[in-house]
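Participant: Dropping a structure here in structure tokens format, bear with me for questions.
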Amino acid sequence: MGKRLLILEDGTIFEGQAFGADLDVTGEIVFNTGMTGYQESITDQSYNGQILTFTYPLVGNYGINRDDYESIKPTCKGVVVSENARRANNWRKQMTLDEFLKSKNIPGISGIDTRALTKIIRHHGTMKATLANEGDSIEHLQDQLRATVLPTNNIEQVSTKTAYPAPGVGKNIVLVDFGLKHSILREFSKRNCNVTVVPYNTTAQEILNLNPDGIMLSNGPGNPQDVPEALEMIRGVQGKIPIFGICMGHQLFSLANGASTYKMKFGHRGFNHAVREIATGRIDFTSQNHGYAVSRDNLPEELIITHEEINDKSIEGVRHRYYPAFSVQYHPDAAPGPHDASYLFDEFLELIDAFQLEKASK
């Protein structure tokens, strides 16, 4: 393949080498600071509609394997790398990154200065961008880019359309799919949970009819304020069933209890974000992927901040003062990234036990 252009909304143009699928795309450009884990990132549906830049200088060197998918159908718009490894060496490798992107109809660009690109995003914030093959009129592409309105139904696009089971012999968990990563299912499977995955717009009564022991609110893409039906569902189940929210689930849980959210300048996307547990001072290194956060302004009395990001002090976790419910902004399931916070799945199951014991004693 030949040359390919990356055109930013602010007018900046990068020229590089095309790889992956042969098509033009427009999306929100973001960056990920992880040194590995590109397969998990590309298949993470939280990147729905986004052009994903990897800051690490070499990507693709261990190929793509069958084990590390976070979704069967990746929904990111494009991939930007400094260097795409033309040869991949790993005993699990099934195909190269280039072959994988072609098979999933995702275009890529390599050979550009991703450090310079990342500095632009950090300074100006995330913005629209276009990946286009050389030869197209730049003026026409820029006009199209300016005129493009990015969709807001990201969660609707990636959520399952019908409920499905992930059988187990332990606790019954209803997992509300806002764009879930398969690693969340794997964490529950390790703990022998019987999981039912349901669409994002499932009602509170429909969830209660499944007789769950606990409810998990998954990660997902976009703006949490775009799914008001999820807020209504959360209000209808909290206090009746223990709740655990991750990433998008954290934001929705907070909104449902009267908090507000805001769009971050360039978000948290990487696997090395240090988070402090306020009560103990414990530091966990966490995997994160989000462009919105819960605001400290006017945080309702019902929510107690439990975790914060060390660098920017953004809220990384809350728990409800009166109900058996808590949430975190980061990914305790990792995939990719450190497993420092995987204990939160155990704490959720312990919360379920305590709730059921208290309920039985009344």
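Just so you know, glycine gets a Cβ as well, placed from its N, Cα and C.
Pulled these features from Swiss-Prot for this protein:
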- 1-169: region 'CPSase' (REGION)
- Ser46, Gly220, Gly222, Met248, Gln251, Asn289, Gly291, Tyr292: L-glutamine binding site (BINDING)
- 172-358: domain 'Glutamine amidotransferase type-1' (DOMAIN)
- Cys247: active site, nucleophile (ACT_SITE)
- His331: active site (ACT_SITE)
- Asp333: active site (ACT_SITE)
Participant: In whole Å, note down how far the CA of the residue listed as 'active site, nucleophile' lies from the CA of Gly291 (L-glutamine binding site).
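Facilitator: About 10 Å separate the Cα atoms of these two residues.
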Participant: Run through the Cβ atoms and count how many others sit within 10 Å of the one on His331 (active site).
Facilitator: 27
Participant: Around the L-glutamine site recorded as Ser46, Gly220, Gly222, Met248, Gln251, Asn289, Gly291, Tyr292, what other same-chain residues have a C-beta within 8 angstroms of the site's C-beta center?
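Facilitator: So the extra residues in range turn out to be Gly179, Asn219, Pro221, Asn223, Pro224, Cys247, His290.
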Participant: Please state how far apart, in Å and to a whole number, the two most distant Cα atoms are among Ser46, Gly220, Gly222, Met248, Gln251, Asn289, Gly291, Tyr292, the recorded L-glutamine-binding residues.
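Facilitator: Site span for L-glutamine, by Cα atoms: 13 Å.
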Participant: Restricting to the region 'CPSase' (1-169), report the mean pLDDT as a whole number.
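Facilitator: The average pLDDT of the model in the region 'CPSase' (1-169) works out to 96.
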Participant: Determine the most Cβ-crowded residue among the binding-site residues Gly220, Gly222, Gly291, using a 10 Å radius around each Cβ and all protein chains in the structure.
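Facilitator: When each Cβ's neighbours within 10 Å are tallied, Gly220 leads.
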Participant: Hey, what's the Cβ neighbour count for the residue listed as 'active site, nucleophile' at 10 Å?
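Facilitator: By my count, 32.
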